[in-house]
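Chemist: As listed in TrEMBL for this protein:
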BINDING   13-18, Asp38, Arg43, 93-97, 134-135, Glu169, 280-283, Arg350  NAD(+) binding site
BINDING   165-169, 224-228, Arg264, 271-277, 342-343, Arg446  substrate binding site
ACT_SITE  Cys280  active site, nucleophile
DOMAIN    336-451  domain 'UDP-glucose/GDP-mannose dehydrogenase C-terminal'
Amino acid sequence: MAPVTVKKICCIGAGYVGGPTCAVIALKCPHIIVTIVDLNQTRIDAWNSPDFRLPIYEPGLDEVVREARGRNLFFSTDVDTAIQEADLIFVSVNTPTKKSGVGAGFAADLNYVELATRRIAAVATTSKIVVEKSTVPCRTAESMQIILEANSKPNCRFDILSNPEFLAEGTAIGDLLAPDRVLIGSLQSAEGKDACQSLVDIYSNWVPADRILTVGVWSSELSKLAANAMLAQRISSINALSAICEATGANIDEVANAVGMDSRIGPKFLKASVGFGGSCFQKDILNLVYLSESLHLPQVAAYWRQVVEMNEWQKKRFSKTVVDTLFNTITGKRIAVLGFAFKADTGDTRESASISLIRDFLAERATVSVYDPQVEHEQIWADLDDVVPKSLDEIQKQVTLCSSAFEACEGAEAVVVATEWKEFLEIDWETIYKSMKKPAFVFDGRLLLDASKLKQIGFKVVIIGRGEEIRSPISSPRRHFNVLNGENR
């Protein structure tokens with residue numbers, strides 16, 4: 001045998017991973033026909049929209065699609081035809097955390113992966129290379145192989161590869177064009193290595209050879225979970241230190257800078273915040289916890305579980321800080337939340353800290369005004385409806401969605417910066433201050449704003465990870481810790 005020369009690619013799933021990944025492949029490989037398929041007609045219509053109002057907001061994505069769409073990049077709901085014609089098939093479907101059944105709250109729900117795999121087996125009449133692109137538990141490739149072999153037609157062979165994505169939303173196109181590494185896992189048989197080489201040949205059109213790593217399929221699957229777990233661990237670690245900074249008067253930015261200058265540690269992912277979000281970090285760590293427990297490694301499971309617990313605690317700690325600072329009550333008060341996406345430069349709201357903060361504010365009977373420059377209002381309502389224990393009608397009585405930062409802040413008693421959009425740096429804060437009730441508070445959960453300038457305007461400013469936050473001297477006296485005798489006073 002020899003590596004297959006791939007002429008046609010099918011990607012099952014037109015979401016945050018499959019869409020941008022295969023659009024870049026089409027851009028860099030004009031000799032390969034790339035078809036991205038999805039059963040969601042609305043999503044495919046958006047990918048095909050004449051004004052390029054794509055279903056995903058990602059800087060640079062529309063330029064990639066503009067150049068390749070209609071040339072060798074196509075979007076369709078005709079899944080079967082795309083499968084039949086493809087030499088290589090990416091499976092890039094959603095793998096959310098299970099909400100019920102065995103492993104609920106921890107294990108990945110592989111229903112969509114299995115459905116896609118069974119569809120490939122049912123439709124394919126020629127041999128295919130099938131590539132895991134979704135984030136999946138270790139040894140998922142084995143189950144896919146079993147399903148494909150059990151349902152394959154005569155003389156129809158399937159080779160499974162693992163090719164996990166390491167994209168950061170907001171910089172995904174740059175990550176794809178100049179990746180740190182491309183990881184490809186295969187069975188270490190002659191056939192598996194040939195299939196691996198076929199995928200290597202695709203990426204070699206623009207990725208340097210020393211950045212394409214070929215490993216065993218199980219190592220590839222685990223590496224994805226491990227990478228996200230390690231990154232999330234750094235965030236939870238710096239957030240834990242931010243709480244110490246606030247209690248001692250230290251500055252978390254200064255601490256992070258000093259720590260990050262150590263060449264053994266480095267500066268990345270040492271930015272304190274109200275907490276991490278997104279589709280990957282929490283889901284992948286919980287998956288790792290479930291895997292560890294399944295392998296009878298309870299200490300390992302407990303270690304990784306703590307990373308998620310620290311992240312949740314950080315969110316609750318921040319919302320409590322808002323309540324404590326506003327004289328121990330926010331009942332009937334208007335709180336402006338700036339930012340709903342889980343991070344800047346994306347419209348993704350999955351596991352966004354804003355969702356948790358707003359839920360907590362509503363529980364305290366505050367009214368909340370929300371502004372985000374990219375997130376659709378329908379998505380905000382859906383997210384709040386999913387987590388707030390009230391009907392949507394009741395939620396809408398307490399929450400107002402706004403079309404600008406000024407509209408959100410007008411008449412508010414406090415502004416909470418929950419997403420690090422650059423737009424918030426350019427706000428006319430003097431005008432905002434005049435429009436708010438006094439005293440006017442700003443809570444910066446992303447270390448984004450210039451606290452000294454805000455204080456000069458007149459704001460009371462609370463910055464996460466800094467020990468200079470304002471507290472009511474009556475309701476929340478500062479607690480001091482005597483390091484000599486171990487007493488709080």
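In case you wondered, yes, glycine gets a Cβ from its N, Cα and C as well.
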Chemist: As a test of the contact definition, list every same-chain residue at least 6 positions from Gly275 (substrate binding site) whose Cβ is closer than 8 Å to its Cβ.
Modeler: Ile235, Asn239, Asn311, Glu312, Gln314, Lys315, Phe318, Ala353, Ser356
Chemist: Using a Cβ cut-off under 8 Å and a sequence separation of 6 or more, which residues in the same chain sit near Ala168 (substrate binding site)?
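Modeler: Within the chain, Ala168 (substrate binding site) has Cβ neighbours under 8 Å at Asp175.
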Chemist: Suppose we draw a 10 Å sphere around the Cβ of Gln282 (NAD(+) binding site). How many other Cβ atoms does it contain, all chains included?
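Modeler: Gln282 (NAD(+) binding site) is surrounded by 21 other Cβ atoms within 10 Å.
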Chemist: List only the single closest residue to Asn228 (substrate binding site), chosen from the binding-site residues Gly13, Thr97, Glu169 by CA-CA distance.
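Modeler: Of the binding-site residues Gly13, Thr97, Glu169, Glu169 has its Cα closest to that of Asn228 (substrate binding site).
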Chemist: Can you grab the distance from Asn94 (NAD(+) binding site) over to the residue listed as 'active site, nucleophile'? Cα atoms, rounded to a whole Å.
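Modeler: Cα-Cα, rounded: 11 Å.
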Chemist: Within 10 angstroms of the C-beta of Asn94 (NAD(+) binding site), what count of other C-beta atoms is obtained when all protein chains are considered?
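Modeler: The answer is 16.
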Chemist: Which ones are near the residue listed as 'active site, nucleophile': of the binding-site residues Tyr16, Leu225, Ala272, which have a Cα within 10 Å?
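Modeler: Close binding-site residues: Leu225.
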Chemist: Can you tell me the CA-to-CA distance separating Asp38 (NAD(+) binding site) and Leu225 (substrate binding site), as a whole number of Å?
Modeler: 25
Chemist: I'd like to know the mean pLDDT over the domain 'UDP-glucose/GDP-mannose dehydrogenase C-terminal' (336-451).
Modeler: 97
Chemist: Among the binding-site residues Thr97, Asn228, which residue has its Cβ surrounded by the fewest other Cβ atoms within 10 Å?
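Modeler: Output over binding-site residues Thr97, Asn228: least Cβ neighbours within 10 Å is Thr97.
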Chemist: Output, ordered by sequence, the same-chain residues six or more apart from Phe342 (substrate binding site) with a CB under 8 Å from its CB, or 'none'.
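Modeler: Residues satisfying the criterion: Glu169, Phe276, Gly277, Gly278, Asp348, Thr349, Arg350, Glu351, Ser352, Ala353, Ser354, Thr419.
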Chemist: If we check Cα distances from Thr97 (NAD(+) binding site), which of the binding-site residues Glu165, Leu225, Ala272 wins as closest?
Modeler: Leu225
